[in-house]
Every structure is written in C-alpha cells, then in structure tokens.
C-alpha cells in the first residue's frame, strides 16, 4: 500500500494507555480501533498485532512500542501501547514517544496495583499534561459498590501524585466486550469506548506547536567562513529563527554570550526562516570560532539558563540491555549526554535508604555536572560509560 500523504486538517495529539500488567491496556487500544474502523476512521488492529510491538532504539536503549493511529470527528491521534512494564518505564524516561495525554487503565477486579502507581509517578515526573481513567473489566464485578471503591482508590492515588484526582474523568466499561461486539456502531458494548473518545476530544488539551515555543537549537558543529564569520549548524529543536533575530549562546560556563543571527541557510540555500525540525546553519554576528562550541545551545534570550545541579528520574540499563553488570553508589562519575553536550557528572544524592543502584532500577537522583549546561525540566539525557549507554534520564527539577 502506498504511503498516504499526512493531511493536517485536524489537531494532532500523542496519547497512550498506561497501567498495571493484564489490566487491559492493549485490549482497550484494540477496542478503540475496532469501534472507529466502523466509521472508516481507523484500521482495526487486533490485540495480537499490538502485542508483538516492533523494537525501536532511543538513546541507545531498545524499547518495544506499538504505534496505532486513528481519528475522531475532531482530532487525529497517535496512540502508543507498550507490551512490557519495563518498556513503559524506558519509553517515558527516554521520551521515545511523548504523550499529550494518558489513559490510565485500571481493572475493576484488582484496583490500583504497584505498576499503576509506578506509571502514575512517571507520568508526573515527565509532566504528562492530562490523564483520563478507564476502569476496565466492570462486567466481571457483580457489586457496583466495589467499582465505586476502585474509583475512589484511583482518585486518591492521582491526588497523591498531584493530578486533579477529584475532577478528572473516570469512565467504566469492558474493553473485551467491545472487541467482541458486532459491527453495529450502536451496539451498547461500544458505549464506554465512544464515551472515552468524546472525553479525550474534550479533556485532553491541545498541545502547543513546537514552532510556537521559544527558539532553541543545540550546536552540533562550528565553522569559520572567511569574509563572512562564524556559522553554527544543528537541528532546530523548537521555535523559529529569522535573520536579524537576537540569540544567546548558552552552556559551558555561567556567562551567556549575546549575538545576532545574520543569515539562516539550509542545503546552501538562504532561508527566510528556519523552523523546528530543520537542519540549518546560522551565521553569527561578531562571534569568533572559539567563542562557540558543540554542546552549547543557541536560544531566544532569557528562555533557558545554564545549570550544573539537577534532580532526575533515571532508568539504569540491565546487563542484558548492554548496561553495567554491577551496581553503583554515590560518587559514581559517568558521562552525561545532554543534547549535543558530553559532560562528566557526579551522582551526589539518592533517595533516603538507597545505598546503591542496581542495573534495571528506576530511581530518582541528584546529579552535579563539572560545568554548566543549558538544562530545563522535562529534558531527556543519556548516561554513558566507556562508550556504552548505562542509563537514561529525565530532568525533574533544577537545583542550581
């Protein structure tokens, strides 16, 4: 089948199902595609197909992620579902597939379980903007009061992790009943699926487009062009850059250099503007080649500052994933790959009661770099040692 052109007529959102193993995340994903396929807005993707998700590599880490797409009357969705618990952790920390909204699936038969909590904590740490709860398997619980109890527990859990637990939408239903339902879209088994989709359309906020955010471009390379000046190249991470725009060069020291971009070029052609996602060269006014280097960023003035010390949620690779074979303690000094920067840092603090971190752990820690780098909350990074990736992290708070 030929690749269809992606038509941007509707707002696009990235969403995903999260929750404890066997609570029905994948069945719910299948049910959504089945229901929408009756209107020609999705290809029905059965459980087995989603479950054997292909492998992807992100920051040197292998993750299994299934990408499903569908649309409602109002929106276009890219939906991710991960087969294994570790895949969810790795996905959320590396940001392989970021979420504009999450659907937390909780089985009425079990209530919130350990992985439910871990996924909610991660959603908070990586700032998933909104959450909807789907209480699944309600057909297997005879007593409605038990479902009320599960709902109460889930709302309490969400409050604990600073989601609006008292106010956010909770939908009850059976994903399996919808998957097994007839091809009549009015079949009552589809009612909770329709309710979920309507709620997603209304409740998940529309994400800010990358081009509307303040300009930022990590510096990949620096050239000196005789008679013209210094050109830095890189891929624009967010925002827009136009000739004449003032930018700051941030990172490597606490001092921030200001300059003006006098020309933006792509494939040797002069551009009116460079947009998020473009690989460009920016000519900088009055900057010598030795005043800017790989690892720094060009950014809209005042939009990002250099820091050395931050808190992060880190996933430590298992031996089987190519990670370390042994645990590490405070004082461990690996390399941190932050955008294009490659900088040594020290692990200076673990949570209370944690003496050492084992391969396979998912843990919060405080990191101190040997020199300042442009850092912000929600930013992803890799931890490497001796040429191999040993961990992946996301910045949860700036310390200094």
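Any Cβ shown, glycine's included, is placed from N, Cα and C.
If you check Swiss-Prot, you get these features:
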BINDING   19-26, 81-85, 136-139  GTP binding site
BINDING   26  Mg(2+) binding site
DOMAIN    10-208  domain 'tr-type G'
REGION    19-26  region 'G1'
REGION    60-64  region 'G2'
REGION    81-84  region 'G3'
REGION    136-139  region 'G4'
10 Å Cβ neighbour count around residue 19 (GTP binding site)?
26
Binding-site residues compared (25, 85) - the one with the fewest other Cβ atoms within 10 Å:
85
Taking the Cβ of residue 82 (GTP binding site) as the centre, count every other Cβ atom within 10 Å, in any protein chain shown.
25
Using all protein chains in view, find how many other C-beta atoms are within 10 Å of the C-beta of residue 138 (GTP binding site).
20
Inter-residue Cα distance where the pair is residue 26 (Mg(2+) binding site) and residue 85 (GTP binding site), in Å:
12
Restricting to the same chain and to sequence separations of six or more, state which residues have a Cβ under 8 Å from that of residue 26 (Mg(2+) binding site).
17, 47, 50, 51, 66, 81, 83
Tell me the residue counts in helix, strand and coil for the region 'G4' (136-139), as DSSP assigns them.
2 helix, 1 strand, 1 coil
